[in-house]
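For reference, the structure discussed in these notes is given below.
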Amino acid sequence: MTSQKSSLAVLTVGAIGVVYGDIGTSVLYAIKEVFGSGHVPFTPDNVYGILSIFFWTLTVIVSLKYVSLVLRADNNGEGGLIAMLALASTAVQDRPELRKVLLLVGIFGTSLFYGDGVITPAISVLSAVEGLEVISPTFTKAVIPTTLVILFGLFAMQKHGTAGIGKFFGPITIVWFAVLALLGVSQIVTHPEILFALSPHYALMFMWENPGITFIILGAVVLCVTGAEALYADLGHFGKKPIRLAWFSVVMPSLVLNYFGQGALLLSNPAAVKNPFYLMAPDWALIPLVVLATLATVIASQALITGAFSVTKQAIQMGYLPRLRILHTSVRDTGQIYMPFVNWGLFVTIVLAVVMFRSSSNLAAAYGIAVCTDMLITTILTFYVIRYGWKYPLALCIAATSVFFLVDFAFFASNLMKLFAGGWFPLVIGGAVFTLMITWKQGRQILNEKLRTDAIDLSSFLDAVFVSPPLRVEGTAVFMTAEPGIVPNAMLHNLKHNKVLHDQNLFVTVVNHEVPWIGMDKRLQVESLGHDCWQVNIHYGFKNDLDLPRALQQIKNRGCQLEPMTTSYFLSRDTVIPTIGSGMAAWREKLFAQMHHNASGAADFLNLPNNSVVELGSKIEI
């Protein structure tokens, strides 16, 4: 029992550091953006109304939707939009048209994650460093250079992994939330009546009396729940209980106290709207607070960068992106990965965002629309999981999701008003990634269909070859095939040029599934083809690490004597030639061909030993 409690405590601390970093740094800019917009006159009733809207937004979207409902929709213990998409698409398997629509919606939501991934580090770090302006206006010119230096350091350290410093994330973030609570309480004691704003009465009265203003400010209010989707995305790392315990015991109380403290400060000093978070602190605490806020925003950004690596890897294994170079940064934790292309691509785009928008207030206009779209998509997918996956009655499904849908849609509609003020930026990024993903998926389908059309049946081919067998050489040849039962081009080239076959020949197909994990006991499916040849299907979930040599070690129990030192891996390196009439627009054909050309080699992706790989090229017209 003691060890279970200890484990729960460790996981809860870890969840506070990783899951809640983003939502925990929203206090830096959320209240400032609502009151600083000029749409809300400074009256006590308006302050009460806004604080009440903040509290009930946190309650409805985070406590009720994500913590109470969405966390239940785990995919074999895993969460995140891709896991939810896999659940929903499986649930409507017998409805192909609906499944196609849900897949497109889910992939679009996944693409928007990258748009959010650019804005979050930019606005978080920038808003923390803007505390320097509160210390002294002379620091104003240093804000952007300092932000860029911090961001560069953050991205430069990714290749070294975060295993060493990651253990400090939880404790630092706990200190951050404790400081949030203390700052809030220090102001609330001057206006304890501010706590009356916990009543929904004030939110409802504000919305009733100011419907137009309410609609406008929802675009800023949503900033208090940015990062809520991380609760679900990190489900597999920490589990439901630690995430829920962290939210209700530490995170939500600290956030509410801080927001209400900022409200109390504004009642005393409306001029504090220029930066209410930092102005709650005494002068002597400003420098330490800026340092702590910067650390908190770096941790929040780190969680998002790690999430970008993870989501990209999952998308690759589900066939929506080409192979990219993946480096493991930890020997003990295979989930610790580094993807150079994703890392520096994010960095360049984030730098562009900081230089273009130049302040957290300007970035706030760009923030929200991608998050709201993802929240809306999550609600839609949750409905289909509950209805068709869990088989709940339609009326109950509508009751469970309709309120969340209406709330999400209200925030989404409000954020559309920010489209031309900066909201276009994450949408352009998300749209570009979406185009890449659907182009790659469709291109691979066309390419595989072309390979099937030109394919030679493997079993018949082997029977014909062994009528007059070529020279056999010692060792084992592993031929990779896109689909089982067809002759790989690498084998045809090997016979044509080398005129030999190995003593043992394995025809290996990697089969990726829409589930997070497939255990080693279900990894291999082996069929003997005779002549010391085997068809081997290796099954992976989208969160499994691909390690072909390790998986093939199991074949020793199936009659094949596989020795690493005498095993050669034959790969086909195809060059795609775009042609007219493939079913894709000409520009998308060229885009697919370029993506195919630039894809990382299969050898690295499958963890094959470099000194045992033979690549043979061919050209394929699509």
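Here the Cβ of each residue, glycine as well, is placed from N, Cα and C on the backbone.
Here is what Swiss-Prot records for this protein:
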- 8-28: transmembrane segment (TRANSMEM)
- 50-70: transmembrane segment (TRANSMEM)
- 101-121: transmembrane segment (TRANSMEM)
- 137-157: transmembrane segment (TRANSMEM)
- 165-185: transmembrane segment (TRANSMEM)
- 213-233: transmembrane segment (TRANSMEM)
- 247-267: transmembrane segment (TRANSMEM)
- 285-305: transmembrane segment (TRANSMEM)
- 337-357: transmembrane segment (TRANSMEM)
- 366-386: transmembrane segment (TRANSMEM)
- 393-413: transmembrane segment (TRANSMEM)
- 419-439: transmembrane segment (TRANSMEM)
Taking the transmembrane segment (8-28) as the first stretch and the transmembrane segment (213-233) as the second, find out whether 3 or more Cβ pairs fall under 8 Å, excluding pairs closer than 6 in sequence.
yes
Same chain only, please: residues at least 6 beyond the ends of the transmembrane segment (137-157) with a C-beta under 8 Å from a C-beta of the stretch. Say none if there are none.
121-122, 125-126, 129-130, 294, 298, 301-302, 305, 343-344, 346-347, 350-351, 354-355, 358
Same chain only, please: residues at least 6 beyond the ends of the transmembrane segment (366-386) with a C-beta under 8 Å from a C-beta of the stretch. Say none if there are none.
61, 65, 69-70, 73, 81, 84-85, 87-88, 91-92, 98, 102, 105-106, 108-109, 112-113, 115-116, 119-120, 123, 219-220, 222-223, 225-226, 228-229, 232, 353, 357, 392, 396-398, 400-401, 404-405, 408-409, 411-412, 415-416, 418-419, 421-427, 430
Have the transmembrane segment (101-121) and the transmembrane segment (419-439) got at least three CB pairs under 8 Å, pairs 6 or more apart in sequence?
yes
Which one of these stretches, 213-233, 285-305, 419-439, has the most C-beta pairs shorter than 8 Å to the transmembrane segment (247-267)?
213-233
So which of 213-233, 285-305, 419-439 is most in touch with the transmembrane segment (393-413), counting Cβ pairs under 8 Å?
213-233
